[in-house]
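In TrEMBL this protein carries:
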- CYS119: active site, proton donor (ACT_SITE)
- LYS22, ASN23: phosphoenolpyruvate binding site (BINDING)
- ARG95, ARG124, PRO125, ILE126, ASP127, GLN128, ASP308, VAL330: UDP-N-acetyl-alpha-D-glucosamine binding site (BINDING)
- 6-409: domain 'Enolpyruvate transferase' (DOMAIN)
- CYS119: 2-(S-cysteinyl)pyruvic acid O-phosphothioketal (MOD_RES)
Amino acid sequence: MEKIIVRGGKRLKGRVRVHGAKNAVLPLIAASILPSRGDITIQDVPMLEDVKTITQVLSSLGISAELDEGKDTIRINAEHLSSTQAPYDLMRKMRASFLVMGPLLARKKHGRIPLPGGCAIGSRPIDQHLKGLEALGAEFEIGQGYIEGRVPDRLRGTKIYLDVASVGATQNIMMAAALAEGTTIIENAACEPENVDLANFINAMGGRVRGAGTDTIRIHGVDFLHGTEYCVIPDRIEAGTYMAAAAITRGEVFVEGALSDHLNPVIAKMREMGIEILEGENGVHVRADKPLKPVNVKTLPYPGFPTDMQSQMMALQLMAEGSSTLTETVFENRFMHVEEMKRMGAKMKIDGRSVMMEGGKPLSGATVRSTDLRAGAALVLLGLVAEGATEVTDLHHIDRGYVDLVGKLRSLGANIERVSDEEMKDDLKFQHSYA
Ligand SMILES: CC(=O)N[C@H]1[C@@H](OP(=O)(O)OP(=O)(O)OC[C@H]2O[C@@H](n3ccc(=O)[nH]c3=O)[C@H](O)[C@@H]2O)O[C@H](CO)[C@@H](O)[C@@H]1O
Ligand SMILES: C=C(OP(=O)(O)O)C(=O)O
């Protein structure tokens with residue numbers, strides 16, 4: 001098993017480039033099932049575990065899908081979509097797997113997919129996905145851990161009101177409606193930038209999606225979609241994570257490629273903490289040479305403060321002298337990292353959907369466990385300022401969402417390494433033999 005060892009005390013300085021957005025590229029790859037002709041090339045693809053998994057899913061459906069790791073590119077041709085059953089061993093690895101259901105129903109009127117499990121942050125139901133797809137004319141059966149969808153006739157456009165502004169449900173419905181007969185209106189749609197990216201991608205393939213980025217999206221169905229070349233938007237959560245890393249170490253970092261328009265709530269809250277942020281053409285400049293001030297934060301659907309920056313913000317709040325609170329309104333169980341942070345000496349108390357913090361207390365390094373991909377990154381951030389060494393385990397979570405987190409932080413001056421247990425044993429042997 002591998003672990004990250006990080007030793008506190010270094011102020012981060014320099015520049016770091018963000019990659020393409022995980023939460024944009026996954027629906028783009030799922031939507032690549034839709035075109036019945038032509039090649040698709042997507043650039044700025046982050047080579048993350050989830051991206052490799054969904055690429056394997058497309059291959060298992062008979063689609064030609066090739067990742068070019070050297071060029072951060074994926075090439076897809078879905079003309080020979082020969083299967084509508086996705087394999088359990090691949091689909092269970094990530095939450096976004098259910099996004100292939102909408103495109104399969106639109107293309108082949110059938111899809112049989114393992115039920116997506118919950119994960120550390122909550123039960124993560126799919127009722128809104130099913131509500132929308134059924135409204136379009138799909139029928140579902142659940143059994144043996146699978147969900148099977150069929151379209152007895154054809155998908156027909158309709159008006160759909162989402163009870164929850166679900167990012168994934170908005171995406172699944174948008175993709176299915178792209179090839180439906182007539183017009184679909186999604187009300188109370190999720191407004192995230194990743195949904196705008198998906199709409200732009202579908203339109204680049206010949207679709208007709210309007211209003212993405214607002215809470216009402218209109219999709220005029222077309223008969224077929226064709227290939228295209230596309231470039232993914234930058235990852236706003238990866239960018240926010242490096243902004244937090246610069247701030248927590250009181251350093252100065254240029255986060256290259258960050259789109260400040262996608263980071264308004266994060267920038268606003270960091271400025272409230274006294275962090276200097278300059279929004280540039282091709283990135284965001286962060287400098288934190290003054291003591292951090294405590295702030296209160298509440299996560300909300302976009303354009304509110306993103307839940308995917310919740311644990312990283314908590315790490316920052318713990319460095320601000322005084323009392324802070326963080327309220328999580330999007331997921332019902334996204335505080336698993338609090339116990340891990342307390343192992344480092346953090347003064348925190350969970351009260352329902354909120355965490356109360358007494359910040360400014362010195363933290364000590366400890367062995368801690370990543371409980372979800374953002375929590376893992378947040379624990380690394382705390383390790384950057386804790387006394388001594390922090391060991392972060394369960395790195396598969398981090399590998400789902402961050403390209404080379406250790407390498408990027410090292411390039412900014414962090415004292416951080418990623419080691420396997422074997423390397424640790426060899427080290428110990430080496431130390432004993434020369435003690
Ligand atoms: C791959 C990807 O893009 N993941 C993002 C996506 O996840 P995902 O699309 O799964 O998140 P949703 O927006 O669907 O979930 C938001 C809330 O709605 C609830 N819900 C969702 C669907 C449903 O049918 N019924 C229902 O009740 C969920 O339990 C959760 O409490 O948006 C989340 C919220 O911004 C982010 O944290 C994830 O990083
Ligand atoms: C929760 C996240 O992703 P996923 O929906 O893939 O679990 C995330 O990116 O923070």
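Every residue gets a Cβ built from N, Cα and C, even glycine.
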Hey, how far is ASP127 (UDP-N-acetyl-alpha-D-glucosamine binding site) from the residue listed as 'active site, proton donor', Cα to Cα, in Å? 16
Arithmetic mean of per-residue pLDDT over the domain 'Enolpyruvate transferase' (6-409): 96
A 10 Å Cα radius around the residue listed as 'active site, proton donor' captures, of the binding-site residues LYS22, ASN23, GLN128, VAL330, exactly none
Please check the recorded positions LYS22, CYS119, PRO125, ASP127 against ligand 1 and give me the ones with CB under 6 A, sequence order. PRO125, ASP127
Hey, how far is ARG124 (UDP-N-acetyl-alpha-D-glucosamine binding site) from ASN23 (phosphoenolpyruvate binding site), Cα to Cα, in Å? 16
Which of the binding-site residues ARG95, ASP127, GLN128, ASP308, VAL330 have a Cβ less than 6 Å from any atom of ligand 2? ARG95, ASP308
List nothing but the largest Cα to Cα distance in Å, as a whole number, among the residues ARG95, ARG124, PRO125, ILE126, ASP127, GLN128, ASP308, VAL330 that the record says bind UDP-N-acetyl-alpha-D-glucosamine. 22
Specify the count of other C-beta atoms within 10 Å of the C-beta of ARG95 (UDP-N-acetyl-alpha-D-glucosamine binding site). 16
Report, in whole Å, the straight Cα-to-Cα distance of ASP308 (UDP-N-acetyl-alpha-D-glucosamine binding site) from LYS22 (phosphoenolpyruvate binding site). 12
Could you tell me which of these binding-site residues, ASP127, ASP308, has the fewest other Cβ atoms within 10 Å of its Cβ? ASP127
Going by DSSP, is ARG124 (UDP-N-acetyl-alpha-D-glucosamine binding site) part of a helix, a strand, or coil? coil
